[in-house]
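Peer 1: To start, I am sharing the structure in question, which I have written as structure tokens.
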Amino acid sequence: MHAKSLTELRAALAAKECSAVELAQLYLKRIDAARDLNAFVHVDADLTLAQAKAADAELARGAGGALTGLPIAHKDVFVTRGWRSTAGSKMLANYESPFDATVVARLQAAGMVTLGKTNMDEFAMGSSNENSAFGAVKNPWDTNAVPGGSSGGSSAAVAARLAPAATGTDTGGSIRQPASFAGVTGIKPTYGRVSRYGMIAFASSLDQGGPMAQSASDCALLLNAMSGFDERDSTSLEREDEDFTRHLGQPWAAGNDAGKPLAGLRIGLPNEYFGDGLADDVRASIDAALKAYEALGATLVPVSLPKTELSIPVYYVIAPAEASSNLSRFDGVRFGHRAAQYGDLLDMYKKSRAEGFGPEVKRRILVGAYVLSHGYYDAYYLQAQKIRRIIAQDFQEAFKSCDVIMGPASPTVAWDLGAKGDDPVQMYLADIYTLSVSLAGLPGMSVPCGFGAGANAKRPVGLQIIGNYFNEARMLQVADAFQRATDWHKQVPAGV
């Protein structure tokens, strides 16, 4: 039962093959048995089972919706009433929110049962989930490897079938890269599609929540519940609600032959995504996936995203600048850890932040404060914003000749734990294919498409699919067609 997808579990609940309480108990038992992965930072069985009992009561009355009784885990960046909400930081080690994030509230309103809070890089700053105050997360496929970050706890939980689905957030690739490393499906929606209210902020012009699950169809179900306008989030976009499942299983164009359902689909391949730095084993898996798309009737079209390399310096100016502002609220007075011994008020600020923040967070706060300082604001921050606009324009130019863009989610498979901890630049380079999508505010997703080679043969590869603004339903259709033709998304780690 634990290996079933959300769609399959929904059918099992409807057929009364199991109850919501039995499902919750099953996953809680698995979470407890897999503590060594360190995927979860807070579990409360009593709270979970109370929600499951309420879901069973709804189902018994013939009420409830598509997600009622289905379990989900939440990344610990979403504040969740009753559970600790720490953002992976000592600064918030024992913080409990008096309210739920909109994402959490909407999924609970849809009847989903919260299994617990997943581990993450501190304040979502990292690509390996080694920056957490609660310890590193291990990749279920190879426990010597990282699971990706910053949503590494969520990706590991779904991969190990400790939860059928989880929420994540993506600022520069933090859903897509860990989904790639852990062999699960994850989608970052268009910026503003999912409410940021109650999501502990890193970089406000980039942060976006999204689902992680076994398949594109599961992600579509979750996105139906998660998305929508929220007046409490000033970046939330007013658009009519839509059904993200509506194109699943449908041909790209009416009248397409059953054997060529994607005839007419134009897939853009950026030259910049297939050059130096892309590992051979990742390239081989991506090429095989593209051939599968051709077999389904799609056409491959060369495109160019000439500012791809600039996305790294642009991101690491803008994101730290916004982080330095957002994290100024954690001062030991209003929120978070307070030093036990200090002299005056200023000394308390300094010691509380020095003790509460980890090295990577401190590094980014310092960088952000520097680029916003007098004399550097114009030279760095404003210049980065100008290039960001050009990056977005490059995508629009590419979409004139294609419907979706594809390439690797990451230049390599997951690396060993500790391999890049002393070299932040190498860590930053791991997000080269995802950063530009975030800077442009576009939707993107990663779907499993193979494995590495040699010593990396157990480490998954993810195919990145990028859509134009608000084109998630079509993007999910394209991913779903691939998953109907292949079984990479059904593969599980040994012992699972």
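Heads up, the Cβ atoms here are built off N, Cα and C, so glycines get one too.
Pulled these features from Swiss-Prot for this protein:
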- LYS75: active site, charge relay system (ACT_SITE)
- SER150: active site, charge relay system (ACT_SITE)
- SER174: active site, acyl-ester intermediate (ACT_SITE)
Peer 1: I'd like the number of other C-beta atoms within 10 A of the C-beta of LYS75 (active site, charge relay system), please.
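Peer 2: A count of 32.
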Peer 1: What three-state class does DSSP give LYS75 (active site, charge relay system)?
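Peer 2: Looking at the DSSP assignment, LYS75 (active site, charge relay system) belongs to a strand.
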Peer 1: Report, in whole Å, the straight Cα-to-Cα distance of SER150 (active site, charge relay system) from the residue listed as 'active site, acyl-ester intermediate'.
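Peer 2: Between the Cα atoms of the residue listed as 'active site, acyl-ester intermediate' and SER150 (active site, charge relay system), the distance comes to 5 Å.
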Peer 1: Looking only at Cβ atoms, how many others are within 10 Å of the one on SER150 (active site, charge relay system)?
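Peer 2: The Cβ of SER150 (active site, charge relay system) has 34 Cβ neighbours within 10 Å.
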Peer 1: Please report the distance from the Cα of LYS75 (active site, charge relay system) to the Cα of SER150 (active site, charge relay system), rounded to the nearest angstrom.
Peer 2: 9
Peer 1: Neighbour count, 10 Å Cβ-Cβ cut-off, for SER174 (active site, acyl-ester intermediate): what number do you get?
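Peer 2: Counting Cβ neighbours of SER174 (active site, acyl-ester intermediate) within 10 Å gives 37.
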